[in-house]
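*Asks:* Just passing along the structure, written as structure tokens.
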Amino acid sequence: MAIWTQEKTFQLISLYEENSNLWDHKREDYHSREKKSQVISDIRSAMPRSTQENRPLLTGSDPDPDPDMEQARPQLPQSCDDQRSELEDEAEDSGLTASGILAMPDGVRNSGLYTGVALLPIISAICIHCMHMLVGCAHELKERLGVSGLDYADVGYNAFMTGPVPLRKLAPVARTVLNSFLTITQLGFCCVYVVFIAANVKQVIDCKLPGNGIDIHGYMGILILPLLAISMIRSLKVLAPFSLISNVFLGLGLAITFHYLLQDIPSSYDRPEFKSWKQLPLFLGTSIYAFEGIGVVLPLERKMTNPEDFRGCNGVLNTAMILVTCSYIAVGFFGYLKYGDAVHGSITLNIPPSDALAQLVKILMAVAIYLTYSLMLYVPAEIMWPHLSPRFHSARGKRLGEYAFRAFLVLITFVLAAAIPNIGLFISLVGAMSSSTLAIIFPPIIEIVTFWPRVSRLNMIKCFCIFVFGVVCFVTGTYASVEAIIEYFEHSDDPQPGLVC
């Protein structure tokens with residue numbers, strides 16, 4: 001099979017641009033299948049002989065399809081989001097949703113009761129629209145290139161590769177940046193998981209064995225071996241049942257948690273409507289962390305029996321996200337209403353620690369998050385390991401090297417988690433720094449580059465506004481989170497209220 005060099009790829013893109021009836025929907029012959037087929041045939045003739053062995057990456061129907069050509073059709077480089085297609089729809093819908101929804105009361109604490117309730121649907125709408133933007137760009141690029149199975153990084157790469165000529169050299173950079181932020185985001189989730197598990201287990205054991213003298217760092221140390229063990233599982237088929245069990249535990253835990261939140265609710269007048277401008281960025285970071293699932297939408301659509309049902313006003317994406325948004329608002333509202341400023345980074349830490357049912361909730365949630373830790377670690381491992389694998393020459397060396405690399409990633413998440421053992425601040429930092437970049441900043445850029453020069457002025461203004469909002473969330477959220485973390489360490493020696501069991 002012939003190799004598509006950069007020179008041949010640029011030549012094909014140039015020919016594609018010259019024949020605007022393949023992509024300009026305003027032309028009368030845009031819908032003419034006969035003319036499109038003729039243009040494709042002419043382009044094939046114009047390409048070097050070696051590339052004619054493969055079917056060109058163009059949309060349009062082939063009047064005489066050749067099965068051999070279909071098998072030899074070149075595939076675009078794949079990044080590790082393809083691995084996400086098998087696991088992220090389960091992992092993020094379980095572990096990420098759980099840590100996000102349980103942190104919503106803490107987020108509302110930073111905004112004020114009614115301010116948070118009013119802003120959550122707005123942030124949700126922006127994140128959902130960005131998901132639709134990414135899906136729309138993927139569809140356009142798949143039609144333009146005649147391929148299927150594009151993931152987030154592929155969409156960014158091919159948007160620049162087929163976009164304005166001056167930006168094409170940035171295509172590899174776009175892929176690298178997207179994969180880098182995917183890696184940072186996933187490792188950030190893993191750090192949150194470590195703190196979450198340690199904090200919940202600590203409350204349960206401290207009530208059963210009071211005065212044991214073990215702080216949260218000690219409990220993190222106890223977790224190292226169990227998390228190392230589950231992180232050594234490389235097979236997604238083996239990990240899939242863990243995700244199913246995790247979903248069951250999370251569902252039970254959330255139901256029982258709501259039972260506690262709806263008891264002895266104080267008046268809403270006891271809670272401030274708006275907190276302060278200084279704390280509002282922390283709320284934005286927590287909210288975006290909870291809603292960040294943009295890397296999942298393309299794999300989910302690809303796995304659907306009827307992908308056309310994914311989009312639309314009452315499509316799967318909108319329906320699912322509306323339900324998720326309602327859940328976030330409910331937990332955030334009632335959690336902060338119930339516990340006020342005493343609310344923790346995970347609402348499970350507020351429910352009565354001495355109650356057997358509450359202890360069951362903490363254990364269920366801790367086990368559920370533990371079972372999804374390896375799924376979250378899988379993506380950064382698959383993104384980075386192929387760059388290190390060539391250094392090992394034997395199959396045994398590669399296998400042992402991958403195990404060592406996975407252990408190294410686990411230890412990194414432990415070091416970072418131990419450095420900031422506060423769930424709420426860690427979630428806000430991850431949400432502001434990495435989740436906002438993937439969920440809000442990149443989609444409008446990709447949409448403009450993908451549809452240039454057909455982008456309308458109104459669409460350009462919309463993309464610019466979303467981009468500015470994402471940058472504001474990134475800058476202010478990161479600054480506020482770092483400032484809050486510094487303040488947290490400055491007061492770390494202050495006496496803390498003891499756990500009452």
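The backbone N, Cα and C atoms fix where each Cβ goes, glycine too.
Just lifted these from TrEMBL, have a look:
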DOMAIN    12-48  domain 'MADF'
REGION    29-98  region 'Disordered'
DOMAIN    97-482  domain 'Amino acid transporter transmembrane'
TRANSMEM  113-135  transmembrane segment
TRANSMEM  177-196  transmembrane segment
TRANSMEM  216-233  transmembrane segment
TRANSMEM  240-262  transmembrane segment
TRANSMEM  282-300  transmembrane segment
TRANSMEM  312-337  transmembrane segment
TRANSMEM  357-379  transmembrane segment
TRANSMEM  400-420  transmembrane segment
TRANSMEM  426-452  transmembrane segment
TRANSMEM  464-486  transmembrane segment
*Asks:* The transmembrane segment (177-196): which same-chain residues, six or more beyond its ends, come within Cβ distance under 8 Å?
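*Replies:* Residues 79-81, 95-96, 99, 102, 152-153, 156-157, 216, 220, 223, 227, 292, 295, 345-346, 365-366, 369-370, 372-373, 376-377, 379-380, 383-384, 409-410, 412-414, 416-417, 420-423, 426-427, 429-430, 433-435, 437-438, 442 contact the transmembrane segment (177-196) from elsewhere in the chain.
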*Asks:* Are there residues at least 6 beyond the ends of the transmembrane segment (216-233) whose Cβ is under 8 Å from a Cβ of it, and what are they?
*Replies:* 194-195, 197-199, 201-202, 205, 239, 242, 370-371, 373-374, 377, 403, 406-407, 409-411, 414, 417-418, 421
*Asks:* For the domain 'MADF' (12-48), what's the mean pLDDT in this predicted model?
*Replies:* 71
